[in-house]
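Peer 1: First the structure, then my questions, so here it is.
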Amino acid sequence: MSRFQGKKVVFGVSGSIAAYKVVQVVRDLALLGADVHVIMTRSATRFVTPLTFQALSKNRVYTSAWDASPDHPEIHVELSRNADLMVIAPATANTMGKIALGLASDIVSLTALACNAPLIVIPAMNDQMWTSSVVQSHVHRLVERGVTVMQPGYGDLASGDVGYGRLPDPEDILGAIRWHLGRKGPLQGRKLVITAGGTREPLDPVRYIGNRSSGKMGLALSQAAIDMGADVTLIVTNSVQESLPWGAEVVRVETSAEMLEAVSSAVSDAAMLIMAAAVADYAPAQISPSKMKKTGEDLVVRLVETQDILASISEVPIAKVGFAAETENLIQNAKAKLTKKNLDVIIANDAVETIGSEYAKVVIISKDNDYLELPKLPKEDVAQKIISYLANYLLSR
């Protein structure tokens, strides 16, 4: 994947036992196409070697301003030049204090002062240090200057204590970085409402009628939209247990009725609705207030048709994108659904091959008879191509 091709990220690492966590973040950023330049304080090198970051980023790692060469005598200025984002993780109390007070005694604090790009500071320290008045005053000063300071997590600390001060998990750090890198993307300032997962229609307090949707496509679409700068409202069913994209406004729902209510509330100021969720077509006419027992006889359950969400918001002036998960006559059925539901675009896919899988093969069809067939790819890659297509569609309206 190369969704951040050409994006330059300066990644500062300071001396904390949590430094090992950001190795994965640097690797993932590089795999996403970002040009990652790692700089480390001397104490950081006691926890992770510069060679580790150099191997993963494919760029030289600097540990001192004295590492400069004749071609680049002011390496901190050169590193910060044309940077799209600077990240400091883990950020110790010492490093945060230096930056807050304008001190520059190491390569990380020097570069932070020279860098005009947005700065994300991700603290890691003991909870007593984090909650101290001195550290909090530094946090306040950084935030006042426009620096993003992520809140540390709660849990077991290296000291053996339990409290706030844990470095956030790598996926959360990566999510925050992706959100910031995408802010000037083609979908900047546009709100997309995306649904994900399969609804569950209760039979009794413990049983339900559901489907096999994993929600992975909806989550991948949400992340791809965030990567391109969109403000995403993600309406996701409780059945989805995957990690959710960082930066999305999340609304949890269970039933098709709850999905309808959430969608109706969210679309009023949106540019586009993407209905990637597998919404039940039928629900039990009656819900038993207590758990149903075996009676020795067959059980007959009457099902009633659920309300069509897309039909319910047909008058809302936004672009509408639907999904057609079919088991036969894929293109024919998808085109019929496109017309019947008055959609702008429909994404057709084979239900048997796609639901629950890590891969998808889809056909994109627009109301203008534009037709794009994608090969079988990982859902993240398919989602990126779908969102790129939809971004062009929105911008051409």
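Positions of Cβ are set from backbone N, Cα and C atoms, glycine also.
Found this in TrEMBL, in case it helps:
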- D281, K291, F323, K337, K341: CTP binding site (BINDING)
- 7-178: domain 'Flavoprotein' (DOMAIN)
- 187-392: domain 'DNA/pantothenate metabolism flavoprotein C-terminal' (DOMAIN)
- 1-191: region 'Phosphopantothenoylcysteine decarboxylase' (REGION)
- 192-397: region 'Phosphopantothenate--cysteine ligase' (REGION)
Peer 1: Long-range same-chain neighbours of K341 (CTP binding site), Cβ under 8 Å, sequence gap at least 6?
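Peer 2: K341 (CTP binding site) has long-range Cβ partners D308, L310, A311, K320, G322.
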Peer 1: Here the binding-site residues are K291, K337; which one has the lowest number of other Cβ atoms no more than 10 Å from its Cβ?
Peer 2: K291
Peer 1: Would you please pick out, from the binding-site residues D281, F323, the one with the fewest other Cβ atoms within 10 Å of its Cβ?
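Peer 2: Comparing Cβ neighbour counts within 10 Å for the binding-site residues D281, F323 gives D281.
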Peer 1: Under a three-state reading of DSSP, tell me whether K337 (CTP binding site) is helix, strand or coil.
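Peer 2: The residue in question, K337 (CTP binding site), is helix (DSSP, three-state).
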Peer 1: For F323 (CTP binding site), which DSSP three-state class applies?
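Peer 2: The residue in question, F323 (CTP binding site), is strand (DSSP, three-state).
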